[in-house]
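Enquirer: According to Swiss-Prot, the record shows the following:
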type	residues	note
BINDING	GLY42, SER43, SER44, GLY45, SER46, GLY47, LYS48, SER49	ATP binding site
DOMAIN	6-231	domain 'ABC transporter'
Amino acid sequence: MSELILKCEGVGKRYRDGGLDVRVLHGLDLEIHAGESTGIIGSSGSGKSTLLHILGGLDMPSEGRVLLMGEDLRTLNQRRLGDLRNRHLGFVYQFHHLLPEFSALENVMMPLLIGKKSREEAAEAAMAMLEKVGLKHRSTHRAGELSGGERQRAAIARALVTQPKCLLADEPTGNLDRANARNVLDMMLELKTELGTGLVVVTHDDELAGRFERVMVMKDGSLHPKQGANA
C-alpha cells in the first residue's frame, strides 16, 4: 500500500443559517494515498467543494477529524497548519488565479519564494515544471497573453512546483472547452504518475471523472463509491 497522505474520519460539516442548523457533510470516511487519483462527482450544492476545502485545511469539520501526514489538522495552530499545508498540498481551481502583472515563470516561482528558496533555485525549479506542462516557450508571457488552456497549465505547474504529496483540484477544467479539458486532464494524470502525487479532483463532468482510478459520488452530504467505477 502506498503512503497515506490524507485521512477523513467521521467528517461532518454544518452551518448556522439564521435559526437553522444546515448540515452539509455527514460522517465521511476517506483515505487518499500517494500516486492515487480520485474523482469526486455530484450535483451543485452537494458538498463537493466543502469537502475539498476541509481536506485542504482551508476549513475545519464540525465533527470528526482530518489527518494530513498523520497530523490532526484541528490541533494545529495557524502557523503550523499553514506550514504543513504549503509543504504537502497543492491547489488548483476553476479560475487560474495567476497574478496578471507577472510572467508565467514568475507566477510558478511564487510558492518557492514564499517558502524561502533563493530566486535562482526558484527560477530553475519553476522552469523545469513549465517544461513538464509544455509551457517553457511561454515562460516570459504574462497571464493575459496566454490562452485559457495555457493559463490552467501554468496554474497546475505552480501547484506542483513544490512537489506536494497531494494535489487538490476544484473543477480544474470547468472553464475550458472539451479539447482543452481533455488535454489538461491528460497532463495532470501524467504528472501524477511521474511525480507520485496523490490527486483529488472535484468535477461535474462524469466523462472526465471516468479517467480516474477511483470515482466517488457526493449526494446529500454523503460520499459513496460510484457503481461500476474502476476501483
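Backbone N, Cα and C atoms are what each Cβ position is placed from, and that goes for glycine too.
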Enquirer: Quick check: with GLY42, SER43, SER44, GLY45, SER46, GLY47, LYS48, SER49 left out, which same-chain residues have Cβ atoms within 8 Å of the centroid of the ATP site Cβ atoms?
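Expert: Sorted by sequence, the hits are MET218.
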Enquirer: Within its own chain, what residues at least 6 apart in sequence put their Cβ under 8 Å from the Cβ of LYS48 (ATP binding site), listed in sequence order?
Expert: ILE40, ILE41, GLY42, ASP170, VAL202, MET218
Enquirer: Other than its own, how many Cβ atoms are within 10 Å of the Cβ belonging to SER44 (ATP binding site)?
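Expert: Other Cβ atoms found within 10 Å: 7.
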Enquirer: Quick check on the binding-site residues: of GLY42, GLY45, GLY47, whose CB has the lowest count of neighbouring CB atoms inside 10 Å?
Expert: GLY45
Enquirer: When the pLDDT values for the domain 'ABC transporter' (6-231) are averaged, what is the result?
Expert: 87
Enquirer: Among the binding-site residues SER43, SER46, SER49, whose Cβ has the fewest other Cβ atoms within 10 Å?
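Expert: Ranked by other Cβ atoms within 10 Å, the binding-site residues SER43, SER46, SER49 bottom out at SER43.
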Enquirer: Please report the three-state DSSP label of SER49 (ATP binding site).
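Expert: Note: SER49 (ATP binding site) is helical by DSSP.
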